[in-house]
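Q: What follows is a structure written as structure tokens; I'll ask about it next.
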Amino acid sequence: MQTLKVDLGERSYPIYIGEGLLDQPELLAPHIAGRQVAIVSNETVAPLYLERLSKALGAYSVLPVVLPDGEAHKNWETLQLIFDGLLTARHDRRTTVVALGGGVIGDMAGFAAACYQRGVDFIQVPTTLLSQVDSSVGGKTGINHPLGKNMVGAFYQPNAVLIDTTSLKTLPARELSAGLAEVIKYGLICDKPFLAWLEDNMQALRALDSAALTEAIRRSCAAKAAVVGADERESGVRATLNLGHTFGHAIETHMGYGVWLHGEAVAAGTVMALEMSMRLGWIDQAERDRGIRLLQDAGLPVVPPQEMTPAHFMEHMAVDKKVLDGRLRLVLLRQMGEAVVTDDYSKEILQATLSADYRAIVAQL
């Protein structure tokens, strides 16, 4: 087992990474203050791991809350089901909410924990690669709104993050690839040597090689922890973690939540960010193409939806959380391994990026 730390002073917490951690209650016990535990999961993950985790937490009074699966259910109605369960079972302020699932479950369970009786303890047990390397770390919680993704939520840090890498053995290949989009992101924004490692190990990762996955998760979580420790509430450097997300969120919102997986939309959005970075003269064509090939090798879509026009993108990006004083700030690459958040670009370059023929770009690789 490996242990990392998210350093937030008195609110610091550990990230445990290893095999078989779901069967080690001693890891979670120090982070559970009361006798009541609510395990929030979904209809896909619960049959696989809920009984196992409940057994490990047998010393506590465990309430299972099983929600419908998918991004389409990341809304007020589903969030209400968590509150219904907690109130019906009379859970008090010393309860601990445990999120068992992917990013949607983690975001909703965390938001519920932030709100219930004005805040109760919260533990993340992510079971997808995307949630293990990204959404479980850093305290972003929330739900979607019809007009924009993750527009309603709170910063609320967990007490601990427990990553059992064996849960990836039941992860569909499409979901694994979606998680790899976020892994690749770290190489692009802050760890150039990691890009070369990913190029050398991508097939091992897709084949679920345990050592490769553990290393990718460790390096990703270490990068995320460092950024969150420096900028918890995304007032500066943390926003660079959103490479590809502004374009990607527009895709998710326009196509309908869940039609494109989050990681798939981020991958296509990252290609657009690479293209715009190249048009600004910050990276060259070979570097753009290198990023696109790596995303392709991960089994990810690298062309935005053909039905989305530049006007569609602009409509959805206008409500992006990085908009300040009416100016859309974008996360772009100053160079490979270094990202910046900027509104220093011309409308012409943005329009050219939105209008680019990505099918032709990919075809010439």
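Here the Cβ of each residue, glycine as well, is placed from N, Cα and C on the backbone.
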Q: With E182, H262 listed by Swiss-Prot as binding Zn(2+), identify the candidate in H245, H254 belonging to that site.
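A: So the Zn(2+) site in Swiss-Prot includes E182, H262 plus, from the candidates H245, H254, H245.
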Q: Give me the long-range Cβ neighbours of E71 (NAD(+) binding site): same chain, 6+ apart, Cβ under 8 Å, in sequence order.
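A: Sequence-distant Cβ neighbours: V104, N144, E252, Y257, G258, L261, H262.
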Q: Using the alpha carbons only, what distance in Å do you get between H73 (NAD(+) binding site) and E182 (Zn(2+) binding site) once rounded?
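A: Per the Cα atoms, H73 (NAD(+) binding site) and E182 (Zn(2+) binding site) stand 22 Å apart.
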Q: State the Cα to Cα distance, in Å, between T128 (NAD(+) binding site) and H245 (Zn(2+) binding site), rounded to an integer.
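A: Distance (Cα to Cα, whole Å): 19 Å.
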Q: A 10 Å Cβ contact count, applied to the binding-site residues H73, K149, H262: which residue has the minimum?
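A: Among the binding-site residues H73, K149, H262, the lowest count of other Cβ atoms within 10 Å belongs to H73.
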